[in-house]
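Structure record follows, encoded as structure tokens.
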Amino acid sequence: MSQLSPDLGLHDVNAGGHDTVYTQSMLPSPGMYKLDILLKRGHNLAIRDRGGTSDPYVKFKLGKKEVFRSKVIYKNLNPVWDERFCLPIDNLHEPLYIKVMVKQCHIKHYKSSIAGASCQFKLGGVLPILASACPPSIHPSIHFLSRFSIRSQRLSEVHKKSQLWRSMVSISLIEGRDLIPMDQNGLSDPYVKFKLGNEKYKSKTMSKTLNPQWREHFDLHVFDEDGGVLEISVWDKDTGRRDDFMGRCALDLSALSREQTHKLELDLEDGQGQLMLLVTLTASAAVSISDLSIHLLDDPHECQQILNKYSLLRSFCNLSDIGIVQVKILRAEGLMAADVTGKSDPFCVIELCNDRLQTHTVYKNLNPEWNKVFTLNVKDIHSVLEVSVYDEDRDKNADFLGKVAIPLLNIHNGEQKAYILKNKEMTGPTKGVIFLEADVIYNSVKASLRTFETPEQKYIGEESKVSKQLLLQNFNRVKRCIMFLINMGSYINSCFEWESPRRSICAFLAFVLVVWNLELYMVPLSLLLFLGWNYFLLASGKETREGSVDSDKKGFMDKLYAIQDVCISVQTALDEVASYGERIKNIFNWTVPFLSWLAIAALCVASLLVYLIPLRYIVLVWGINKFTKKLRNPYLIDNNELLDFLSRVPSDVQVVQYKELKTEHRQSPNKRK
């Protein structure tokens, strides 16, 4: 057992009982380290089940944070795990806790209890040894192999060794074929579980089918050099009881070539059927955490290599690797006090699409300093970098303290900036400021091509909930868009009404010139001119591009009346849309033969006119008639002929209302009485 000597350094107690002394000069130097741990086996563990066995697993905690949990070995007092994992370490004086737990299964919940062994290590006292992880006074023991890898000061070596994962595997679960029936109706409700190392993914459940079509895509991180083994199992969903096992298969990722999509049809073992997958193993992922003193872009040699990698000359090499973003989480000030002591235990979480990393926890501090550097791959330049601050609670979920969202395109390289933290809804400020510095390096050609592809789906997100406030807010947003179109229509109609003769004359001349000279290329050209005009207004400061969201606090009665107005407006709008759709359908269904014959006559005349007369002239005549109608008859009431025609066609509701009820001929009214 290794232990620290208070005066000389580290002692290693060997088999003969003699101490091997390591002086302070032999200890690892301060900096970034990697702790490699191989969990071997357990021996004579405590009995916790009625059958005289246990279901043990091991938890590793670094400080107060759980960093690894082994698999469960069922019904075994001498389990063999043989699991390896590594941890990035920046503080050798932080204790490593090891606890052996037992998993006790009940009908609807799981309960864990300590199986009889726990211990604590000081990381400054761990060297390459094979040690017993339990004190000598405790009879059960857990054996593991630990090793510290000291990082060199050369930045490229630091970057390579500080990677949390070495590559990523993109998996598309397409379908299953000829699965085994598990239900009494001869069908199943299958779903698929994937496991790669400690990462897991569960697909959605397909109801009542033996040939499910999932069509799901997700990514898993690869930590091993050789890729590891992807474990796949298929299960049948059962409500109220344990799900049934339908089969399993395994995929050795080391046998797959990188940067190439493989179409695989895997046969299920211990069952029947096949799974079809699309698997792509990419080596472009570069996600790392390092100290502020050692990071990637400060080394001129490394920075130049990255600039060359994403230069325009390499625009068509590995199109999925768009760039990298490096984020420095410096510090925060004036955070909210989440504990009863008036302090907080803040840590920071950084998210970019499905990549999620976090800093260490600074205990009992409202002005924490993290000084960490995160490096992540950019898959979509339109992604949003989300930085959240939480308060760590040992026995419950972390408390939210604040959040900021930064689009990658809004980042100014090398600029240290203070961001005011926002609330969970991201609509208003909360207490505290966080200081960040970010750099984005990307290839603009790859980013442009990626813009026209389907964006990456975020698999972990908040569930949608019914919210009256959100309903009212979304209704007001739609209302603003509709009012904009209505105001634009009113402005155009005012030109027809000659409310301002000067404006109507200009509009009439513009209409004649555009229709007479219209060519197809003018359509995108007009949109281009519109974009250019808005850019000129923004550059000159005459307009702003900030959106507006209603966030005014209202009383209860105001909210109630607003919700009633929303419901009435939505009800009326849905009725109008449904009515016009049904009226168009009823024209072609010959619900009213007179109107259907009238529609045939109008369509025949329209087809003949379009065939004989160029469309340009027809539009020109229609516009001249529209502009001069008010001049020819000042008291004329304007109307829309098409809408007036549709208003005569009954909707489905009106058809039911107008339908006659048939009397029963077998019985007279007197007999029915």
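Each Cβ is built from the backbone N, Cα and C atoms, and glycine gets one as well.
As given in TrEMBL:
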DOMAIN    16-139  domain 'C2'
DOMAIN    150-266  domain 'C2'
DOMAIN    300-421  domain 'C2'
TRANSMEM  508-533  transmembrane segment
TRANSMEM  594-622  transmembrane segment
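Same-chain neighbours of the transmembrane segment (594-622): 512, 515-516, 518, 587-588, 645, 648-649, counting only residues six or more beyond its ends whose CB sits under 8 Å from a CB of the stretch. In the domain 'C2' (150-266), helix, strand and coil residues by DSSP number 10 helix, 60 strand, 47 coil. Note on the domain 'C2' (300-421): DSSP counts are 16 helix, 56 strand, 50 coil.
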